[in-house]
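Novice: Quick one: the structure is below, questions incoming.
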Amino acid sequence: MKLDDIKISKAIIEEYMDELVDHLDVDVAIGGGGPSGLAAGYYLSKAGFKVSLFERKLSIGGGMWGGGMMFNKIVVQEAGREILEGEFGVDCREHENGYYVADSIEATSTICSKACKAGVKIFNLISIEDVMIRDERITGLVINWAAVEMAGLHIDPLTIRSRAVIDATGHDCEIVKVVEDKMGPRLMTETGRIMGEKPMWADKGEASLLENTREVYPNLFVAGMASNAVHGSHRMGPIFGGMLLSGRRVAELIMEKLG
Ligand code: 48H
Ligand code: FE2
């Protein structure tokens, strides 16, 4: 077959546009492609929900690639291992009683692959810059090219409609921040506001994560590190079991809500 350069371009543009148009209106829109967002998307897609995930960066996986301080290993506890090895098939080696270690490259790439195969439509290089709110309920996301954001160009965004939104943007809880900025102290936290992350304490941080994984504004759920940041709980360092458990938990909560 003689290759035609224009046909290659046309194939890319048309296939991408078809998928984008098909995902303008979804069940669940996820902001952030770290471990919690990917796990949430995986479980929701596996259950038959239509899911779009938007990630600002070129690479998916958030803070998982780098392990701890660039030592590319991650630690999970037994409950986390049940997901990492049991669900995703990533090798976990017991280093010491109850402390399992996985290769961060294998873990991140595998979770990403499983999420895609389960049906999560991942759009990388797209940032969430705002939300849509109708009658005090989140009804979708406002998105723009990450390159537009980085260049500081004045280019208006586009919108995605969804029945539920997950803020899985990590430490910065960027989606919840937008809601707080625009709606005032109306979050479902103790103060109605983002309470801010507390210092490193692996045990406490992991223990509080599932309870903090919840709806924080009608139709807006938090997962992963954003959950602890929003609710004023501790960070936990490079232990990633909680992120996966939080992703599964938020998926369960949304399935319950959406039916
Ligand atoms: C599009 C965005 C936007 C935006 C951010 O940081 P992450 O890995 O988040 P989690 O919660 O899945 O995992 C947290 C974990 O990586 C971690 O940091 C831990 C365990 N820390 C403990 C500690 O003590 O430090 O991924 C979030 C992703 C990133 O890829 C961002 O680029 C992306 O979200 N993102 N994408 N639009 N507005 N904001
Ligand atoms: Fe972190």
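Glycine residues also receive a Cβ, built from the backbone N, Cα and C atoms like all the rest.
Not my notes, these are from TrEMBL:
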type: BINDING; residues: S36, E55, R56, G63, I128, H154, I155, D156, M225; note: NAD(+) binding site
type: BINDING; residues: D156, H171; note: Fe cation binding site
type: BINDING; residues: R235; note: glycine binding site
Novice: Taking the Cβ of S36 (NAD(+) binding site) as centre, how many other Cβ atoms lie within 10 Å?
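Specialist: Other Cβ atoms found within 10 Å: 35.
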Novice: Given the binding-site residues I128, H171, M225, which lie close to R235 (glycine binding site), meaning Cα to Cα within 10 A?
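Specialist: Taking I128, H171, M225 one by one, the ones whose Cα falls within 10 Å of R235 (glycine binding site) are H171, M225.
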Novice: Inside 10 Å of the Cβ of I128 (NAD(+) binding site), count up the other Cβ atoms and send me the figure.
Specialist: 25
Novice: Using a Cβ cut-off of under 6 Å to any atom of ligand 1, determine which of the binding-site residues S36, R56, I155, D156, M225 qualify.
Specialist: S36, R56, M225
Novice: Taking DSSP as the reference, which of helix, strand or coil describes D156 (Fe cation binding site)?
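Specialist: For D156 (Fe cation binding site) - judged by DSSP and reduced to three states - the answer is coil.
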Novice: Just the number: how many Å between the Cα atoms of H171 (Fe cation binding site) and I155 (NAD(+) binding site)?
Specialist: 27
Novice: Same chain only, sequence gap of 6 or more: which residues have a CB within under 8 Å of the CB of D156 (Fe cation binding site)?
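Specialist: The list for D156 (Fe cation binding site) reads N144, given in order along the sequence.
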Novice: Please give the greatest C-alpha separation between any two of the NAD(+)-binding residues S36, E55, R56, G63, I128, H154, I155, D156, M225, in angstrom, as a whole number.
Specialist: 31
Novice: Taking the Cβ of each of the binding-site residues and counting other Cβ atoms inside 10 Å, which one has the highest number: R56, H171?
Specialist: R56
Novice: Which ones in the same chain are close to M225 (NAD(+) binding site), with CB under 8 Å and 6+ residues apart in sequence?
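Specialist: The list for M225 (NAD(+) binding site) reads G34, S36, G63, G170, H171, C173, E197, R235, M243, given in order along the sequence.
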Novice: Going by DSSP, is H171 (Fe cation binding site) sitting in a helix, a strand, or coil?
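Specialist: DSSP assigns H171 (Fe cation binding site) to helix.
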